[in-house]
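S.K.: Starting off with a structure, shown below.
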């Protein structure tokens with residue numbers, strides 16, 4: 001009986017060591033969503049076009065038709081966002097062994113176990129990480145227009161996760177990396 005109590009106390013103490021806010025979790029979920037969307041879009045043919053004609057008619061009664069790249073169409077992006085939260089089942093909450101910093105770790109990358117899994121301690125979660133899917137749905141529901149507009153941009157950029165998750169949705173506190181300043185082309189004062 002004493003052994004069971006000590007084990008239970010040890011597990012509770014271990015679980016108490018991992019405290020992070022829902023904002024931190026949403027930050028990492030938001031970044032994971034951006035990554036998953038980027039990967040899903042990269043798999044599509046960038047030249048495939050979609051007809052986005054509405055129910056508008058011109059003066060002669062013909063429907064007005066407009067074609068856009070499929071990966072930039074609102075319909076495609078919305079459908080993709082509706083499915084993307086299922087990917088959160090592939091992630092686990094973890095903390096880095098080196099600094100105790102919270103992260104979400106995707107378990108399988110390119111059909112292989114994530115090599116970073118040896119660098120982290122996995123967080124035992126009472127809900128078996130099902131909250132990640134709920135956080136994903138919440139992030140997308142609250143920011144669906146932000147995601148669509150960002151992914152419709154002609155150039156996505158390298159720091160799209162920071163632009164969406166930090167600058168617009170305000171889940172993270174990161175800022176984009178500044179461009180390097182060219183000292184060679186400038187005169188001294």
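Numbers run from 1 along the shown chain.
Just so you know, glycine gets a Cβ as well, placed from its N, Cα and C.
Straight from Swiss-Prot, here's the annotation block:
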type	residues	note
SIGNAL	1-17	signal peptide
DOMAIN	23-176	domain 'Saposin B-type'
DISULFID	27-172	disulfide bond
DISULFID	30-165	disulfide bond
DISULFID	85-136	disulfide bond
MOTIF	186-189	motif 'Prevents secretion from ER'
S.K.: List the disulfide-bonded residues among 27, 85, 136, 172 whose C-alpha is within 10 Å of the C-alpha of residue 165 (disulfide bond), in sequence order, or say none.
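M.R.: Checking each Cα against residue 165 (disulfide bond), the hits are 27, 172.
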S.K.: Taking only the disulfide-bonded residues 27, 30, 172, which one has a CA atom nearest to the CA atom of residue 136 (disulfide bond)?
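M.R.: Given the candidates 27, 30, 172, the nearest one is 30.
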S.K.: Taking 10 A as the limit, how many CB atoms besides its own sit near the CB of residue 172 (disulfide bond)?
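M.R.: Counting Cβ neighbours of residue 172 (disulfide bond) within 10 Å gives 19.
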S.K.: Using C-alpha atoms only, work out the spacing between residue 85 (disulfide bond) and residue 30 (disulfide bond) and round it to an integer in Å.
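M.R.: The separation of the Cα atoms works out to 10 Å.
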S.K.: Note down the number of other Cβ atoms within 10 Å of the Cβ of residue 165 (disulfide bond), including every protein chain shown.
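M.R.: Step by step: centre on the Cβ of residue 165 (disulfide bond), count other Cβ atoms within 10 Å, giving 26.
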S.K.: Could you state the CA-to-CA distance between residue 30 (disulfide bond) and residue 172 (disulfide bond) to the nearest Å?
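M.R.: One finds 9 Å between the Cα atoms of these residues.
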S.K.: Going along the chain, which residues six or more apart from residue 27 (disulfide bond) have their CB under 8 A from its CB?
M.R.: 165, 171, 172
S.K.: State the count of C-beta atoms found within 10 angstroms of the C-beta of residue 85 (disulfide bond), not counting that atom itself.
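M.R.: There are 21 such Cβ atoms around residue 85 (disulfide bond).
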